[in-house]
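Trainee: Please find one structure pasted underneath; my questions will follow.
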Amino acid sequence: MKIAIMAGDGIGPEVVGQALKVLRLVAPQAETEEAPVGQAGIDARGKPLPDETLALARRVDAILFGSVGVADEASIPRERRPGTGLLQLREALTLYANFRPAFMFPELIGASTLKPEVVDGLDLVILRELNGDVYFGKPRGFETNEKGERVGFNTMRYSESEVERIAHAAFRAARKRRRKVCSVDKANVLETMQLWREVMTRVGREYPDVELSHLFIDAASMSLMRNPKQFDVIVTGNMFGDILSDAAAMLTGSIGMLPSASLGVDRKGLYEPVHGSAPDIAGQDVANPLAAILSLAMMLRESFELEDKARQVENAVRTVLAQGYRTGDIYQPGTRRVGTTEMGDAVVQALRAAA
Ligand code: NAD
Ligand code: IPM
Ligand code: MN
C-alpha cells in the first residue's frame, strides 16, 4: 500500500492530519509519502503541481488529497492558481470518474436545512465526469473584440468516447446500488449535451436492468431540493457535477461531511473531501475532518479492496456522531462542540473501542 499524501492548503493539512491518524490505526503497513500541491506547491517549487509531486502520484497506488486554494484567487493567472494543480493531476492520471456520495447520517437530520422527512434515508451518488467539459475544452482564453473590449471565452466539449466511459461507470455503479441512473444535461440548448444524452441513451441499452432517466440541469437542481430521495446515481458533466455536488452536500447537513473518489482506468484513485481550503476558518482547528476521514474509507474500499476496514472507519464516524461529537458546521444545541483534532481523536477512540 503506497499512498501519496497531498494535504494542500488552508484546512487541507488539518483534516488530512486526522485521516492519517485513522490510516495508521487501520492499516499500519501502509507506506506514505507527502508532497506539496496547490499554493504549497507554488511556495515549495514554484508550481501548483511540482514535477516531483506528479512523479510521486504516478508511482503510488492511491492519493489522499486535502484541498487547495487561497482567498481571492480569481485574478491570479491560471498557471499560478492553486486549483490548477488539482486539475492537472486529474488530467495527467486520467481520473475521469468522480464519485461524490451524499448519505444522510440519521444523527445529522436536524443539521440539514431541509425538512427531516425530505432527507431521512437519503442515499445518492453524484458521478461527475472529471476530464472534459468547459473545464478542459479548447480554445480558451482572452481576446479583444472589434469594440476593443476584452472578451473571455471557454469551450464546452465532450467526445463520444468520453461520454461512453463515464456512462459505463454510471451503469456499473447503479448495478451495485438501486439500479437507477439519472443523467443530467442541458440537451435542450447545447450541442455538447445533445451528444451527451444520445450516448447515454445508447449505452443504457446495454444495461436493460438499470432504469435510465434524463433531466435538464435546471430541473435537476430543483428536484434535488424538492425530493432528493428519488435519486440513486446521478451522472453528469464536469461543471454541472461540481455545482450539484455542493448542493447535495447541504442536504446531508454540511459540506464537511462529503467525501469523494476520483478513479481512472485502473484501481489508482485520488480521494478527497468535496470541500475546499476554507480560508475563512483555516488554522483554527475548527474544520470538520469527517469528509477527509470518509474519503480515506473510500480509498480502503476502492483502491485496496479492504471492505472490512472501510466499514470499520464508516462505523466509527457513525459512533462519534451518535456520541454527540460535533464540529461547528454540524453543531446543534444539546450536542458536544469539538474541534478538528478532538473529532479525529474521537474517531480513533471509537475504532479502538470497536476492535
Ligand atoms: P470551501 O468549500 O473552501 O468553503 C465553503 C464554505 O464551507 C466556507 O464557509 C467554509 O468555511 C465551509 N467549509 C468548507 N469545508 C469545511 C469543513 N471541512 N468544515 C467546516 N466548514 C467547512 O469553498 P470556497 O470558499 O468557495 O473556496 C475556497 C478555496 O478552496 C478556493 O480557493 C477554491 O478554489 C478552493 N476549492 C478547492 C477544492 C479542492 O481542493 N478540491 C474544492 C472547492 C474549492
Ligand atoms: C472541486 C473544486 C475544484 C473544481 C476546483 C478547486 C478546481 O471546486 O474539486 O469541486 O472545480 O473541480
Ligand atoms: Mn467544487
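Cβ atoms here come from the backbone N, Cα and C positions, even for glycine.
Quick paste from TrEMBL:
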BINDING   Arg90, Arg100, Arg128, Asp218  substrate binding site
BINDING   Asp218, Asp242, Asp246  Mg(2+) binding site
BINDING   Gly276, Ser277, Ala278, Pro279, Asp280, Ile281, Ala282, Gly283, Gln284, Asp285, Val286, Ala287, Asn288  NAD(+) binding site
DOMAIN    2-347  domain 'Isopropylmalate dehydrogenase-like'
SITE      Tyr135  site 'Important for catalysis'
SITE      Lys186  site 'Important for catalysis'
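What's the neighbourhood like for these features in this structure?
Mentor: Neighbour count (other Cβ atoms within 10 Å of the Cβ, all protein chains): 13 for Asp218 (substrate binding site).
Counting every protein chain shown, the number of other Cβ atoms lying within 10 Å of the Cβ of Ala278 (NAD(+) binding site) is 23.
When pLDDT is averaged over the domain 'Isopropylmalate dehydrogenase-like' (2-347), the result is 97.
Within its own chain, Tyr135 (site 'Important for catalysis') has Leu87, Asn238, Met239 as residues 6 or more apart in sequence whose C-beta sits under 8 angstroms from its own.
Under the DSSP three-state reduction, Lys186 (site 'Important for catalysis') is assigned to coil, being neither helix nor strand.
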Trainee: Near ligand 2, which of the binding-site residues show up if the criterion is a Cβ under 6 Å from one of its atoms? Options: Arg128, Asp218, Asp246, Asp280, Ala282, Val286.
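Mentor: Qualifying residues: none.
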Trainee: Taking the Cα atoms as reference points, how far is Asp246 (Mg(2+) binding site) from Asn288 (NAD(+) binding site) in Å?
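Mentor: A Cα-Cα distance of 15 Å.
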Trainee: By CA distance, which of the recorded positions (Arg90, Arg100, Lys186) lies nearest to Asn288 (NAD(+) binding site)?
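Mentor: Closest recorded candidate to Asn288 (NAD(+) binding site) by Cα: Arg100.
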Trainee: Between Asp242 (Mg(2+) binding site) and Arg128 (substrate binding site), what is the CA-CA distance rounded to a whole number of Å?
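Mentor: Roughly 7 Å, rounded to the nearest whole number.
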Trainee: Would you give the longest CA-CA distance, in whole angstrom, between residues of Arg90, Arg100, Arg128, Asp218, the set recorded as binding substrate?
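Mentor: Greatest Cα-Cα span of the listed binding residues: 27 Å.
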